[in-house]
Amino acid sequence: MNIGNQCCVFLSTFLCISICLGEDYDLDDKTGLGRSFDGIGSLSGGGATSRLLVNYAEPYRSQILDYLFKPTFGASLQILKVEIGGDAQTTDGTEPSHMHYEDDENYFRGYEWWLMKEAKKRNPNITLIGLPWAFPGWVGNGENWPYSFPDITASYVVSWIFGAKQYHDLDIDYVGIWNERSFNSKYIKLLRYTLDKSGLERVKIIASDNLWEPISSVVIADKELQDAVEILGVHYPGTNTVPEALKTGKKLWSSEDYSTFNDNVGGGCWARILNQNYVNGKMTATISWNLVSSYYEDLPFERDGLMTAKEPWSGNYVVESPIWITAHTTQFTEPGWTYLQTVGHFTHGGSYVALTDERGNLTIITETMTHDHSVCIRPPLPSYDVTDQNVTFHLKGTFASISELQVWHSRFDFKTNKTALFQNIKPIKVTEGSFSIELDVDEVYTFTTVRNGQRGSYPDPPPSAPFPKSYKDDFDVSGNPYFSEAPNFADQTGVFEYFTNQTDPGPHVSTLRQVVTQRPVTWVADADQTISVIGDYQWQDLMVSCDIYMESVHAGGVFIAVRVNKGGGVVRSTRGVFLWVYADGTYKVTNDLNGMTVLAEGMSGTRARVWYTLTLTVKGNYASADLDGYPLWKNAVLWEPRHGWAAIGTSSFELAQFDNFAIEALA
């Protein structure tokens, strides 16, 4: 790296400027400013992506949260967007609704309330957004569509906003529209009306939380819709916008972006889009999916978070490169700063943005990420070239008197693996309003008047370790549990919550209960059965036992399972070894969740509203099971799958309880 003006003795003045100093770029506010910066953020949900985070012990859980939210420490996130749980599978699991049923309200389910409070604790100014990915079945009144009764849907969403304030003192700033499906103008207007009627005028609407069109054209043509929508939000825009979106005059956000494996190529993706979302698309906020990769690694979209925290049992977590790439912007800006109009692309590849607080401070972020080292998961990235270059910035207008800038530097090294991230290097002198710098490929720089940046750190967390081979949970809790789900269980269809049976004191007074009794309104294919997975995906030979209680007298059915090989949005096609017992006195063992491949079946004598203990053992190609200590069958033959999680679940959307769960991994 060479900072400063270089000398050219034998060349003319013109050649000296073009060869020795390279290209020149003006940063000037005297001709006006660009758009107001709204922040960089991330998304918990869509779905269940923070599931394992809540199970971390201290101090590791707080350390992870500091890396995400603490100002001038790590990512220093300025926006947190969370899923409004809808009891449905929304990518990597389900999140519980605050209203499972029409006459049911509970604002302590799930972990998003806790996460928002922890974010606010660290950054009181963080922007909070809620977005439903799904809805409990009653909202759709039997249809897989939330807009047939828009007044019900609007009231449901507004109740969540009220609950956030009443029970957690959280002010929600924005609410999004159900994504991944066509937006509904009538609903958006009704939601705006309902918010205003409820005294929530300050809560603004983001729409359509999907594509630029048709929302942009409709907003232009519909004055009432234009008044209802504050932000045009889009998913995975590829840094580009459309003319109609710009014509609306609305703020433009990339309201879901990134979704890329968080290695150094993922960090390069994030670096490129954070700059170019504004340079190319005039988007003033970018929100990463997802916040933290805190779900089992063999679920879909493994490690698509800003950092990785998937082992609460060991305490291990990894601060990945996107954390420090985020810091290049967030530690030296705040929402309300303004982009300069003089931002853009470098002649030889890469981009630069500059922002000011309009009180004399200036922050410049440059990136020179090459194509192959900054590919995002979507959309496809057109080819382009980046080469080493020498650039000169000329600070004009308000910034002409700046004499020194702090410098923070990241360099991705894909050859020798000597990547260095977010390093505070020697300040750069600004001479007569100008400074020059050599930019190598795959680098990120921040030049800033802000002096309080910090590369926060903690002692190394414990080493990575597999899920314990011996594991037990009796689901006993006293009073209201801190979280409504049992540790390490990852619900894939249905919702399994702590339950205290006050009418039946005895050994099973505190249990885990599957509570969803109606198929939710969802945009992915939830299974017909409910299922929650746990453990190590590499487990092969395993014994799992659990006490079970069917509540449906005529149609009840529950299972325990091993070698469960799929979850997330493909949970319907899950295979494994499933031991089912039914309230009609029968049992079967199947090789799949939908019960089509039967390995054994017979009479069990089971009925509803009686506790039973099921035990399932799999060794090699053979499976056996016991009911209350008596064999149901021995040595059923199976071939696939060879490994997978343990699981519990029900044969349909029905109430059922589980207790005294235990695992012994045999191999």
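Every residue gets a Cβ built from N, Cα and C, even glycine.
Annotations in TrEMBL come from automatic prediction, not curation.
Over in TrEMBL, the protein carries these features:
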type	residues	note
ACT_SITE	Glu180	active site, proton donor/acceptor
ACT_SITE	Glu256	active site, nucleophile
DOMAIN	37-331	domain 'Glycosyl hydrolase family 59 catalytic'
DOMAIN	339-454	domain 'Glycosyl hydrolase family 59 central'
DOMAIN	491-665	domain 'Glycosyl hydrolase family 59 C-terminal lectin'
SIGNAL	1-22	signal peptide
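The domain 'Glycosyl hydrolase family 59 C-terminal lectin' (491-665) scores a mean pLDDT of 94 in the predicted structure.
Note on the domain 'Glycosyl hydrolase family 59 central' (339-454): DSSP counts are 6 helix, 54 strand, 56 coil. The number of other Cβ atoms within 10 Å of the Cβ belonging to Glu256 (active site, nucleophile), over all protein chains shown, comes to 25.
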